[in-house]
Amino acid sequence: MPFPTAISKDVQSVEFYKKRSVGARLDVWPFCVLYALIVAKAALHVSNYEWSALTTASYALGGVGLLHILTLLLSEWSTRCKAAIWYFRAKSLDDADAVLIIPVKFAGKMELVGLERRTLREGLKEWEELAFDFRKQRFVYSEESNSFTKLAFPTKELFSTYMKATGHGTTAKALAAHDKYGLNAFEVPVPPFLKLLRGHLVAPFFCFQVFCVLLWMLDEYWYYSLFTLFMLVTFECTVVQQRLRNLGELRGMQTPKQHVHVYRCGKWELLSGEGLLPGDLISIGRPVGGPNSEAKVVPADCLLLDGTCIAEEAVLTGESTPTWKVPACELDPNEKLNIKQHKNHVLFSGTKILQHTPGKGARIRAYDGNCLAYVLRTGFETAQGRLMRTIMFSTENVTANSLEAGLFILFLLVFALAAAWHVLSNGLQDPERDRFKLLLNCVMIITSVIPPELPMELSMAVNASLMALAKKKVFCTEPFRIPFAGKVEVCCFDKTGTLTSDHLLLEEVVVPSESSRPNAHRVMATCHSLVHVPSGENPEEKEIIGDPLETAVLEAVEWSYGSDVARSPDGSVTATILHRHHFSSNLKRMSAVLRVADSKATGGARYEAVMKGAPEVIKKSLVSAPSDYDQLYKRYAAQGSRVIALAYREFGSEQDVSLDEIKALTRDQVEAQMTWAGFAILSCPLKPESEPALAQLRASSHQLVMITGDAPLTACYAASKVHIVTRDVLVLGHRSEEKGQVVHGPSASKGGVHEDTDADYVWVSPDEQTQVPFSRDFSNLVELASQYDLCLSGDALTYVHSLGLSPSIVPLCQVYARVSPEQKELIVKTMRGLGRTLLMCGDGTNDVGGLKAAHVGVALLSASESANRSKKDSKAKGKGGKAGKGGASGTEVASSEGTNKKPMGKGQKNLEALRARGRTITPRMEEFAKYLDSLEAEESMLKPGDASMASPFTAKATSVMPCTDIIKQGRCTLVTTVQMFKILGLLCLSTAFSLSVMYLQGVKMSDKQATLNGMLTAALFFFISQAKPCAQLSAVRPHPTIFNPYFFISLLGQFCVNLSLLMYMYHLAYKETPEEDRLKPDAEFKPNLVNSVTYMVEAMVQLSTFTVNYMGHPFNNSISENKIMFNVLKWMAIFLTVVLFNLVPGLGESFGMVVIPQHIQLQLFALGIGAFLFNYTLEHTLRVKFPAPIPKEKGYMDYYNEGRKRKAD
């Protein structure tokens, strides 16, 4: 029987292993054998009095020990290596006790997890479960399909099943469910500091860094070695501290589980929220006790069975609009639950209940007048748990130790190996050379090409950018994505709430005739999901909250509304909402049933149905539509307006129709035979900063794309206003959409299911004057894209993807409209798979998939409704305090003001403590206190609980302007990283040469000289990392990688110049040095002319390298604007000049130097300046000759020549 597979979109394949015993592990028995053989061999030689063999045995033991340590570390570094060393492949599933899980591309790293076998019982029934846990999800083995599938929750049952549910009827059933599903908790473990630090200290790069430090110690460079080791350990400690802080914030997202009433064993019990199980019935509602009582948080994903709720889902969606939740008893009992389609009936974990209305129709009455709900999912399978998993298990781990750094090191390694070979071959020819010192020197040469400070220097550049972005209220959870922002080629934007405002304006109501205008107004005033919730401290005061579109419409028609009753402006018409059929994204419409009482009309009150929705959908329900219906709404849509169709239907008066008959009507019956009442034309204005921000991005060589759930015509109009669309547009859509049919994949028809064909799709211009049949031919698609800007609708994308044409069509389009959250992620991943570097900007949970899939995901934060209300309350409270100030006593006024004061930050607290001690506070101390408080404020900008935490970047802003800041900072970091690579490369090549050729001639540095060089290098790298980006984005782009002609010609050219200078000055000094002062390779350091001249050359080269390779405009501020670095270079040049010409007697001697003859001084000074000028000219000439590639303005341009060639063939 073949091994089973794992069915999951995140898992590519699984492999099964069995653990070896400790003695059989490959990191134990082979080395035990080798150690025993070496010891036995050494003992044999010692017994024969061959003492020289002990030295060989010591070397052998050391070598095997190093190999043993490396093998142990390989288990830490590589999951695949751990599987090979600790385990062997299982012969059968019964034999396996571990699973190696290989995820799909862009879904993180492989993991090795245990395979668990346990016995489950329910009453007399007993069975064995075989399962494993992967990223907080449980996969259970199914013999039928021979596969591991995710643990099934009761989320796809018939609604009749849920309505008949009675909870867990016995204790045995509850215990069985507990064994199966576990606790309703999602713990985010925060490991101890030392445990996390251990993980960092065994990382490959850190182990190598420590190895290098030990080598320098063996060569007796104690100060330099200890200084380097201190920097490395301190850096790792700060990284660990940051990780602990991030994990703490993640734990803060966990909403504490409140107690809830659960119906078990035929009675209501008060249990902890952690004890909830799928299948439980719970009683939930808004807490009693006024607005100051603890808000009720939904403890798990639940299906609402009875009663209605208003829920705030900002913790999941990031959107402020509360959602109306209605009971599932209104749905067809024979229909299956689909959480995405029926989300209006589901209460999601972590959301808050703002208001509830008890139900009366359930078989089991909810406790204490609350709503009745059925628990669907618990723990990490809830909506909030899934969000936590998205954050915890990022798409990939982006770090400084990238492949690019590895390849660059391999390039440098070629030079190091050549130098080491030169030293080894020369050293072996000298029988007097110390073999240990020779071997040590060769190893040091090889390791010198991998600078120990590389990860630290790269991290410094990233951390500086992190702080700069935080000052602009942009926060980053994955810091090493910042350099990706400098490589961005394509910028994708959501529309509503991102480029355009959430606040809609009712521009016009288009009606068939003026006499029907009251009908249109009545539809707009009653067909909505607006609700009344308590406002402020006074529970009697209420405010209307809900969809901004519906709020704007209600205000515009000037009807009053409260508690399901709407009144006309003159009070003559009163419409009571009897029942709502809520909006569904699949149906694209909503409706309501009313009782309308008109004091001006005769015949008493009447029953009526009202409906609104997408014009093409409403058209199907009309008795008859005007001939210009389509032309009318499309004209407004093409102007960028949002068009809502309005319709109504009269059932008759109360005398003709009974209330029971009205209540018995199904949704389909209510929404049939409607009369058109008009179109509501709403505008969604662009945010003021959208156009300038996208103009900057376009001018700085970025492709612009819009991905939105809005209608194609509206999206294309908005795109034309922000430089995304610059030519005539063609929209690829389904022909049936014009007939009002909702199409998703296969089209439904009376004869069954109709599979779409190419003929069902057509490219259409907004005015419908141009129509081009859809063709799969790539050359035709490219030709079309060269003439028009293209828009793809969600249905067309579904069809295109089913054909496998996504990689061909997606890069050619500028706008994607009517797309689902999953399709947003598909678009981003498709472009990414084609090698594009993407930025995605959005504002809600519907964008999270795209934000995580993009290289640079930017989430815009908006305050939740409850946060807005609390802000209003605090303002009102503040005004109230001021109003009462006149009649209050001094004590009362102080108390009143104190309650409204901002809490003091750490800086201000420290100042107050110093004042209390009688210390004088200087302006400098006040500035520092303000700086500390600003850092604290920046930390609190992003509060745990926002859905946007799933995004790598989060901007505390409502506009897209932070995208330009992120790209500016990304370019700044990218060029800083590239110049760091080049500087480190030049310094490492110089070091390798010094340790090889110069070392053979006895040239060495003193410990003080090495320490000074190390400190200066670290300081200059730090100052480089503090460079600030230019204010304006440039059309010139930085090189996205170090592997380009400019980088390597510059690197090798400068190295040759520096090497020539060093060799010339060395030979000049060597001739002047007396024979007795010349040092042998293994000799201790002693000041002489050769050492002094060589050190001066290396110091000059160091300064020249930093100055020449500094990258300023058009990405960073210039070297003269980087004041600290400029001053350090200036004073260091002065210092070297003073030492060279011995202007301060004794200064050079303190650093292990001798006085240099005057003719050598002048030559060194002149040649040093000449080398600097040559390198500077070479570097800047190469920047002009080899600029970075600039992406094409439109996606089709990358394929145009290829498409034309195919067409010609």
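Positions of Cβ are set from backbone N, Cα and C atoms, glycine also.
Annotated domain 'P5A-ATPase transmembrane helical hairpin' per TrEMBL: 22-90, in sequence order.
Under the heading transmembrane segment, TrEMBL lists 26-44 (among others). Sequence-distant contacts of the transmembrane segment (26-44) (same chain, six or more residues past either end, CB-CB distance under 8 Å): 20, 53-54, 57, 60-61, 64, 67-68, 71-72, 75, 84-86.
Residues or ranges marked as transmembrane segment in TrEMBL: 56-74 (among others). If one looks beyond the transmembrane segment (56-74) by at least 6 residues along the same chain, the residues whose Cβ comes under 8 Å of a Cβ in the stretch are 26-27, 31, 34-35, 38-39, 41-42, 45, 81-82, 85, 202, 204, 207.
Under the heading transmembrane segment, TrEMBL lists 201-218 (among others).
Remote same-chain partners of the transmembrane segment (224-244), defined as residues 6 or more beyond its termini with a Cβ less than 8 Å from a stretch Cβ, comprise 190, 193, 196-197, 200-201, 206, 209-210, 212-214, 216-217, 452-453, 456, 459, 1007, 1010-1011, 1014-1015, 1018. Sequence annotations record features per position, and here TrEMBL assigns transmembrane segment to 224-244 (among others).
As annotated by TrEMBL, domain 'P-type ATPase A' applies to 257-391.
According to TrEMBL, the feature transmembrane segment maps to 405-424 (among others).
Look at TrEMBL and you will find 867-911 tagged as region 'Disordered'.
Among residues of the same chain six or more beyond the transmembrane segment (980-998), those with a C-beta under 8 A of the stretch's C-beta atoms are 405, 408, 412, 415-416, 419-420, 422-423, 441, 444-445, 448-451, 453-454, 457-458, 461, 1005, 1017, 1021, 1024, 1042, 1047, 1050-1051, 1054-1055, 1058-1059, 1062, 1066, 1094, 1098, 1101-1102, 1105-1106, 1109. The transmembrane segment feature in TrEMBL is assigned to 980-998 (among others).
Among the features that TrEMBL reports, transmembrane segment is placed at 1010-1027 (among others). Sequence-distant contacts of the transmembrane segment (1010-1027), counting only residues of its own chain at least 6 positions beyond either end whose CB sits under 8 Å from a CB of the stretch, comprise 221, 223-224, 227-228, 231, 453, 457, 460-461, 463-464, 972, 976, 979-980, 983, 987, 1098-1099, 1102, 1106, 1110, 1112, 1116-1117, 1122, 1124-1125, 1128-1129, 1132, 1151.
TrEMBL lists 1047-1070 (among others) with the feature transmembrane segment.
Positions annotated as transmembrane segment by TrEMBL: 1128-1148 (among others). Same-chain neighbours of the transmembrane segment (1128-1148): 1016, 1019-1020, 1023, 1092, 1096, 1099-1100, 1103, 1106-1107, 1119, 1154-1156, 1161, 1164-1165, counting only residues six or more beyond its ends whose CB sits under 8 Å from a CB of the stretch.
Annotation comment: TrEMBL describes 1160-1178 (among others) as transmembrane segment.
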Original post:
When you scan the chain for residues with a C-beta under 8 Å from the transmembrane segment (1160-1178), skipping those not six or more beyond its ends, what do you find?
Top reply: 1050, 1053-1054, 1057-1058, 1060-1061, 1064-1065, 1068-1069, 1072, 1089, 1093, 1096-1097, 1100-1101, 1104-1105, 1107-1108, 1137, 1140-1141
**OP:** Summarise the model's confidence over the domain 'P-type ATPase A' (257-391) as a mean pLDDT value.
**Re:** 82
